[in-house]
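Visitor: Annotation source Swiss-Prot lists region 'N-terminal inhibitory domain NN' at 1-201, citing an author's statement. Among the features that Swiss-Prot reports, ATP binding site is placed at 18, 19, 20, 55, 92, 124, 125, 126, 127, with the record citing experimental evidence. The feature region 'N-terminal inhibitory domain NC' is assigned by Swiss-Prot to 211-431.
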């Protein structure tokens with residue numbers, strides 16, 4: 001490949017040569033011309049390599065006189081390899097995803113060789129999706145540019161928290177014309193300037209002896225505090241990076257922490273937690289604070305702007321909040337005062353995180369107000385709510401040598417409080433103000449394939465690693481293709497705004513009419529048999545029958561009557577008398593296209609669950625089963641009961657995570673003890689967030705507990721993000737049968753004999 005030809009700096013011009021060859025060549029020529037022009041005044045000579053990322057059958061082997069990397073060479077960086085890619089060439093969405101992952105690894109290798117000076121590409125919506133994911137994986141500072149037809153729309157999904165630059169193409173990228181010439185030329189020149197500028201700067205200012213860098217979070221209502229903190233930190237010899245706490249801001253800060261760019265944090269404005277808990281538009285996700293604690297860097301935390309939840313224009317505030325105390329910040333931003341009850345939840349979220357810390361943490365709490373609006377005479381002044389937040393944190397946080405809690409008699413924007421924050425930071429931070437700042441390096445193919453070990457929480461996993469790259473070493477081509485087609489259909493539905501609906505079936509007639517109703521997935525497991533025999537679903541978890549044998553028996557009843565819909569098997573992964581690898585092959589040969597972990601120990605809690613984990617019969621065996629099924633190319637749709645389990649399943653390769661809220665509560669034999677519907681929203685969102693941190697493309701469904709009707713499913717789906725549908729079992733076959741038979745008999749009994 002061209003990356004190995006020279007150790008001199010090199011840029012990649014990347015695109016799909018099968019559809020954008022002329023535009024890619026034109027862009028490459030102007031990048032080279034601009035680099036040569038700028039290089040006349042520079043000691044750097046930068047080479048240009050054209051990289052083809054086409055996903056079609058059409059081959060391109062050269063591009064004018066440029067060094068050229070054909071698509072097959074890029075694809076060789078993916079574990080699927082070129083031959084398997086051919087199977088998916090006609091399935092556009094999956095082909096793009098595979099090529100994007102291959103490009104990510106290709107660029108990682110080039111960056112490891114220390115000669116990658118920048119990347120530039122062009123594309124429509126598909127091309128932008130393909131390129132952006134790979135470009136984002138490169139470290140901050142490496143110039144990365146895409147000329148895109150979607151640069152002027154909603155771009156967060158493309159840019160994330162990276163320094164990727166999108167240039168609007170203005171016209172479609174479809175030939176060279178008077179407009180595209182100007183846009184491509186300007187983008188090429190701008191990119192070349194970025195490349196040469198960075199190379200010259202790196203020569204003059206080495207990054208290996210930089211100042212200790214501190215991340216600081218800010219909102220408009222905490223600006224006086226942050227400005228004072230920043231000014232003092234600079235005097236003390238620190239460099240500061242300030243992040244607007246808008247959801248994206250917190251994620252950007254933690255990404256830089258993970259990358260090694262930030263060595264300490266003053267998390268003054270934690271308002272994103274309020275939006276996450278209550279449902280505002282500037283929310284963090286359930287991983288907030290994790291990167292800081294994992295990297296074990298000094299953390300001083302306060303409660304800035306936890307008196308407010310953010311919404312858009314006043315007309316967009318959800319109906320249930322319309323009677324709350326609202327402050328219109330401007331025409332586009334409305335703020336809602338938080339309540340005593342909500343502040344208790346914020347404290348619980350923060351305390352749960354910080355109590356896990358193994359490094360120095362200091363929490364500073366201002367008694368007289370947490371924002372400019374939380375002061376006497378201001379809209380959000382509420383001493384009861386603010387003092388509740390302080391009391392709860394004092395009560396919940398473990399105050400010890402590792403974690404200090406300081407309650408200070410100031411308002412957050414008082415100069416004395418700002419000084420107290422910095423004093424606390426100096427107490428727990430290293431004495432040196434300079435660091436050997438070496439941001440996280442890119443990974444080789446082997447590194448990436450060995451990433452993401454299953455959580456140590458599950459001892460029965462025995463520390464096994466499961467690749468997140470689509471690694472199917474034990475897959476039959478027909479099984480893998482079936483999985484691919486199913487997932488593509490589901491992704492197509494999601495893109496059209498339609499929910500994914502899965503259903504459990506305990507009888508042939510249930511499965512037959514679930515398919516007739518338009519269901520997307522059907523799962524057979526032993527509880528279906530008990531359920532349709534009038535017993536509770538929990539019977540499937542008790543030693544009343546051989547769970548795996550029941551599923552095989554049900555296959556003969558169900559598979560012949562289901563014509564098109566994917567049918568999966570519920571697998572008891574903790575079965576001590578079955579070799580899982582052989583049993584999965586048996587299920588595959590019978591005709592199942594995928595698996596789910598049921599019966600599951602996730603429905604057990606307390607000492608019994610703990611004993612199962614301790615004696616090697618825990619959730620880890622279910623994770624291991626899903627990983628084995630994934631390697632075989634089977635569709636995997638496991639249940640997860642908490643964020644940690646979702647992470648483990650996502651790392652094992654799960655395609656669809658089903659957020660399980662417990663036994664279904666409705667009907668004559670439903671459970672009576674469960675979380676509330678409102679609590680389910682929070683739990684489902686946390687599981688979805690955890691899943692998407694590991695595998696952004698995973699499908700997430702909600703299931704169980706109080707979610708037992710279309711109305712309740714709609715309630716959850718409308719209040720969550722990244723949740724794509726509902727999976728029902730009792731709600732799909734038991735409840736409809738109970739209601740229909742009861743009503744029908746009642747109608748017959750109401751016949752008049754007179």
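Placement of Cβ uses the backbone N, Cα and C atoms for every residue, glycine included.
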Visitor: In sequence order, which residues at least six apart in the same chain have a CB under 8 Å from the CB of residue 20 (ATP binding site)?
Guide: 122, 123, 127, 173
Visitor: Might you list, by sequence position, any residue in that chain lying six or more from residue 125 (ATP binding site) with a Cβ less than 8 Å away from its Cβ?
Guide: 149, 150
Visitor: Which number gives the other C-beta atoms within 10 angstroms of the C-beta of residue 127 (ATP binding site), all protein chains shown included?
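Guide: So the number of other Cβ atoms within 10 Å of residue 127 (ATP binding site) is 24.
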Visitor: Counting only residues 6+ apart in the same chain, whose Cβ is under 8 Å from the Cβ of residue 18 (ATP binding site)?
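Guide: 52, 54, 56, 58, 60 - these are the non-local Cβ neighbours of residue 18 (ATP binding site), listed in sequence order.
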Visitor: For the region 'N-terminal inhibitory domain NN' (1-201), would you mind checking the mean pLDDT of the predicted model?
Guide: 85
Visitor: Name the secondary structure element type, per DSSP in three states, that contains residue 127 (ATP binding site).
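Guide: Going by the DSSP assignment, residue 127 (ATP binding site) falls within a helical segment, counted as helix.
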